[in-house]
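Sequence annotations record features per position, and here TrEMBL assigns transmembrane segment to 21-42, 48-67, 97-120, 132-153, 173-192, 204-220, 226-243, 250-270, 332-350, 362-385, 397-419, 439-459 (among others). Residues or ranges marked as domain 'Penicillin-binding protein transpeptidase' by TrEMBL: 570-872. The feature region 'Disordered' is assigned by TrEMBL to 591-610.
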Amino acid sequence: MNGPSLASPRATSTQGAAKRRATIPAVVLQGAIPFSVFWILADVDDGSRILGAMALGLCAAVCGAVAKPTRYLVAVVWGVTAVGIAIQLRLGADLGTMLTFAVASALLFVGASAVLPRILRHFRAPEKLARLGQLALGAALLLRLIPGLQGHINSGQLAIGSFSLQLGEFSRILAIAGVGLIGWSTLGTLGLRRLFRSESKASSIGLILLAGNLGLLAVVDTGPAIVLTAAAAVMVVASVARIRPILRRIEVWLTAGAIVFLSVSFAAQFNVLDRLETRWSNVSTPDEQLAAALRAAQGGGLIGHGVGTSPLAGHIPVAASDFVPAVVAADLGYLALGAITAALLCCYGIMLSRISRGRTPLAIMGIGVLTALLVQTVITVLGSMGAIPLTGLSTPALAATGSTMLSTFIALGIASAAVREMTAVEPAGRPPTVAPPRAVLGISAGIVAYLCALAVLPIDTSLQGLYLARGDIRTADGAIIASTDSDGERVYPSGGLYSDVGLVVRGYADYGVESMYRSELTCGGPANPLDVLLGLFRQPACVPADIETTLQSPLQKAIKEAAGDSSAQVVVTDSMSGSILALYSSRQKDPADVSAGTAPEAPSRLKSSPPGSTFKVVVAAAALLNDVDADGARTDVVKANGAELTNSRNLECPDTSIATMLAFSCNTTAGYLALHVGQPELNRVAEEYFGANMLTRFDGGDVAPLTLAQEDTSLSAPQLMRTGIGQESVQSSPLAMNAATAVIAHSALSTDGSATPALHLVASVCSGTPAVTAATTFGKALPAPVATEILRGMRQAAEVGTATHLGKAGHSLGRDIAAKSGTAEVSIPGSAAALDSWVTAIIDGRWIITARVQNSTAAQANNAQEIAARILPLIPRSNISYKTPCS
């Protein structure tokens, strides 16, 4: 008897075993994708790397076992999630927490993929599915309102202990599911005659609930509203695809019109349009948040340097969520970000193609969640790159935060179940779709092209240096002024000792040498040969270079000790080379304590005040250059337009010569000479020879220059008389007065009539070979006889005049001292005038000391001289070589 033969149990068992054996390589490959990605990218110890890679590989394998038709697509998404987790770890996240979220995401994927089809089979009738959809939409609205109980309605975050959940990510899936169920049960199953019967009630309620969800989202944030609107619109079109074209058009236009009307109403009510306008303006003029993201992304170039290598990525606001794509670009480059984006879009697109013909409730829901994932990915990637506004969204899978990761895999579970359902009903032999829709391919190609274009655009590096590690700044004798610790923070071992030299407030601003030599300190070191070869594709990795200054640490410390508790500023320089040996201000903050938005004071170079009688050296130069003398002037008082000017303590000067004026600080002679030289000529000499009234900057930053009234401000005779003694409109910082004194010393000592070298702090940049800063000049050389005469008067001041306190200290050390002291009246709003004690001195005809002690009393007129006297033993006696080899 011939009949159909039945397979034996043994044969069936053999076939099952063969099928299981064929599945094993697929499972291994699924797990290998996230395993390899995490193993390569994660910047963790070996034990953590093994644990993380195995956990992610297992999650991908489990998900693939449930979603066989989409196993490789899901594995690719897990690979992107592995990138996201590696990024979270480099931003400081805990590996245990990340893996907990990953395991929970895998379980939710399995649950959504396996349980949802059973629920839909249970609620098979359209009426039941419509009610289920209404319940989902109502639950979505309620879920999005819950954070308002904690005052977080705008952010949508619900705090649970030390964690917070972004409920908007989950409410969006519920809303999409609700729209899909109502859309299928009403639009997808009804004819035109039944459309306006009882079943229309479900559609109306659903539309009201959808409008409520969209309205709430439009009020608090427009990004999620756009995603939900796009998903709802696509599901409506999919639901009515089998109804006659006229019905399809009616339903689509009615739904679209209702959504537009409600959205515009809410927008007008809550100023949403104004918010949108602001966000679009942020694209053309990025705020600090977007600007920080763009700076970091630009630093990665086309191919990047690896996870954790960008010094800028950690300073991006909300880097762990909204701006994860910028962190990826900063670490791995634009090309990697483009590849990741294209992979996600293609995976979602292939799934969408496989279910696009489906008209079951599950297929409609799958179409909705995939549309949402596509739209959300495009918005977040382009938004974080400054192409479009970014608001309230994180990149699915790539932003591996708890809420985003969990909601992404719930959505993928729904989509995977829909694909599995469609695969089961497809005709045998039909090959599965392996290509995404052309629109998705076009969008992916456009995003990759846009990112590659960003990689070749000119990079604005002006602010990047505020985040990069820097080389050391050292004194000429090797003491560390500034260095960078293992965390990339700037460290100043001596506290406020060198505060006037410069400092960095990381991510905000830098000052002084730190600002002037930012590029050398951050990127001045020898380039890596590989970076040179890859320079066309990425910004070379910055190699810091050290800076050696001309400062002498023993001298700097001696000044600090001599200044004590007084408010003092001291500058010591070499008039022959322009080198600054010391630059000190007391009572300055430790640079580590300077907060963002607070610029350092740096009084030695930035704070101006009347220089008092030290300005008489400029008056003397103007008189000598113009052959003006004080013959016939009174030695006890000078009068002008009813005003009188007397000497200190009403003393009478020995005579009216310029040398005596400088020696005994004769106000009467100085006032008389200023009157007869005249304001125009006094200004000309001060500007031409001593750099007055000019914007001044040296390699240590800006300097408050010597200033006096401009010619367009006509001074009265009494005012001009007081200008002659360094009061009235005359102002100077200690550094500027030191530079003016150096002109006198250099002009007297130089044999070739050359101009005075400009002051400078930097001796060399350690970039392989020392590169001594090229010296520029300051002012104009005085004729030797003029400089010599001024120097003679200053020597007399140290020997027998007003600077004998300093002169005696120098004589005991065998030093030649020429000095001019001064006591300046300083007006303080709301209180009596204070006195500043000044001295500017020339040691051995070459070394310049300028000191100012603020808020002195008449009894403390020699405070500045005392400080100068105490540091005399540390003033060099011979030439100093500043070409110190970098080591």
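Numbers here mean position along the shown chain, with the first residue as 1.
In case you wondered, yes, glycine gets a Cβ from its N, Cα and C as well.
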Stretch in 21-42, 97-120, 397-419, 439-459 most in contact with the transmembrane segment (362-385), if contact is a CB pair under 8 A: 397-419
Restricting to CB pairs under 8 Å, which listed stretch, 21-42, 97-120, 397-419, 439-459, is in contact most with the transmembrane segment (332-350)? 439-459
Residue numbers, six or more beyond the limits of the transmembrane segment (97-120), whose CB comes under 8 Å of its CB atoms: 51-52, 55-56, 59-60, 62-63, 66-67, 74, 81, 85, 88-89, 129, 360-362, 365, 400-402, 405-406, 408-414, 416-417, 420-421
Tertiary contacts of the transmembrane segment (397-419) (same chain, 6+ residues out, Cβ under 8 Å): 63, 66-67, 69-70, 74, 77, 80-81, 83-85, 87-88, 97-98, 101-102, 104-106, 108-114, 116-117, 163, 165-167, 169-170, 172-173, 177, 320-322, 324-325, 328, 340, 344, 348, 351-352, 354-355, 358, 360, 362-363, 365-367, 369-370, 372-373, 380
